[in-house]
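Novice: Sharing the record's features from Swiss-Prot:
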ACT_SITE  318  active site, proton acceptor
BINDING   28, 29, 33, 171, 173, 318, 345  3-phosphoshikimate binding site
BINDING   28, 98, 126, 173, 349, 391  phosphoenolpyruvate binding site
């Protein structure tokens, strides 16, 4: 293909095993936090490897609206913070980014003035009460649509008090919103999780000089401002998952993803791949700016079914759609439970993947909090309604590898720009051919 598709329908056709070495774009979670924490800091923050995608653009526009200056300089993104965050002059549009909206809700709760946070049609259907309730317990003045369930969110910033918050569901976004509000609060703020969620907020704040106390599943902060500094963003394991899962299940495949973030709160996928029998190894393991990274190689092998539940779920929640695809090629019954969080992402990902894979021939049973998939099952070509969800689109592009040459037609791929604009170019690079406009 001559150029990666950016919008409109797209037809994927299999072109043999996946082979090669690639680098995926910067981690989305770390990229968001780099910009936001830089805006909160007392000094300049310089970021390398920042993800260039729509979600991160939303955070950049938001911090600029709060008075930060963000510029590109010599291959780095430089964030110069204001002396104090200012009241925004207009509504802050977070686009499709739930991370932007939730983390900003925590920050703006402690910033004097009126702020309104909204987003696109998809974001305005995503729940915010789980953030509003704990922030209100700290004294935040917040309101939202539909009985405080849905965005837009209106924030009237003011004094906050520290509190001990026990979360019913492990969520890095909710945890981070509370901790960021805690930087503005009087007294200590503590978050207790039922399971460990991704810990980029804790690592990055500590790296910027904020005292962060971690004890088991408890995290505590007190009022402080980060000092700024340097952030080197590793590759995003959630983006790499499409290639790693495809390589694990497609005979003859071997893919290496270089400079990949392997923070232990994000490597549930690697544990699952090993449990299913794939060959997985890490090389060049090192730690940069507080985040471990490595070159990760996956080689195809005969996959066996496994169970995925409990503490593993928060460590691979975003990867589960493509794990569901991989499970169709594993021998036996793969069971995923405790993943109800999938129902409140950009789409109801359990329902979307279940319905689409079933039409493609998969033997799948859905539960309220997960699914069971029998395999191995040859898939067939299918037309996919992506629901404007980037992970549905990319997961079903991978599913096409197992369709025996039959095409998978995605109704619109513009959503891929949310997190991974170069996805189809890299997929082409490691051997899967795509074509645009519905043509083979």
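Note: Cβ is positioned from N, Cα and C throughout, glycine not excepted.
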Novice: List the recorded positions among 28, 29, 171, 318 whose C-alpha is within 10 Å of the C-alpha of residue 391 (phosphoenolpyruvate binding site), in sequence order, or say none.
Specialist: 318
Novice: Write out the long-range same-chain contacts of residue 171 (3-phosphoshikimate binding site), meaning residues 6 or more apart in sequence whose Cβ is under 8 Å from its Cβ.
Specialist: 130, 197, 314, 341
Novice: How long is the line from the C-alpha of residue 349 (phosphoenolpyruvate binding site) to the C-alpha of residue 318 (active site, proton acceptor), rounded to the nearest angstrom?
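Specialist: With distance taken Cα to Cα, residue 318 (active site, proton acceptor) is 10 Å from residue 349 (phosphoenolpyruvate binding site).
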Novice: Between residue 345 (3-phosphoshikimate binding site) and residue 126 (phosphoenolpyruvate binding site), what is the CA-CA distance rounded to a whole number of Å?
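Specialist: For residue 345 (3-phosphoshikimate binding site) versus residue 126 (phosphoenolpyruvate binding site), the Cα atoms are 7 Å apart.
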Novice: Select one residue from 345, 349, 391: among these binding-site residues, choose the one with the most other Cβ atoms within 10 Å of its Cβ.
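Specialist: Ranked by Cβ atoms within 10 Å, first place goes to 391.
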Novice: Long-range neighbours only, meaning 6 or more apart in sequence with Cβ under 8 Å: which ones does residue 126 (phosphoenolpyruvate binding site) have?
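Specialist: The answer is 98, 150, 151, 344, 345, 346.
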Novice: Just how many other Cβ atoms lie inside 10 Å of the Cβ on residue 33 (3-phosphoshikimate binding site)?
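Specialist: By my count, 24.
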Novice: Largest pairwise Cα distance, Å, within the listed 3-phosphoshikimate binders 28, 29, 33, 171, 173, 318, 345?
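Specialist: Output for 3-phosphoshikimate binders 28, 29, 33, 171, 173, 318, 345: max Cα distance 19 Å.
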Novice: Pop the Cα-Cα gap between the residue listed as 'active site, proton acceptor' and residue 28 (3-phosphoshikimate binding site) into the table, whole Å please.
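Specialist: Taking the Cα atoms only, residue 28 (3-phosphoshikimate binding site) lies 12 Å from the residue listed as 'active site, proton acceptor'.
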Novice: Going by DSSP, is residue 173 (3-phosphoshikimate binding site) part of a helix, a strand, or coil?
Specialist: helix
Novice: Which ones in the same chain are close to residue 29 (3-phosphoshikimate binding site), with CB under 8 Å and 6+ residues apart in sequence?
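Specialist: The list for residue 29 (3-phosphoshikimate binding site) reads 99, 172, 198, 200, 236, given in order along the sequence.
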Novice: Given a separation of at least six residues and a C-beta threshold under 8 Å, show me what packs close to the residue listed as 'active site, proton acceptor' in the same chain.
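Specialist: Counting only residues 6 or more apart in sequence, the Cβ neighbours of the residue listed as 'active site, proton acceptor' under 8 Å are 238, 241, 345, 391.
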Novice: Which residues, sitting 6 or more apart from residue 173 (3-phosphoshikimate binding site) on the same chain, put a CB under 8 Å from its CB?
Specialist: 98, 99, 102, 103, 131
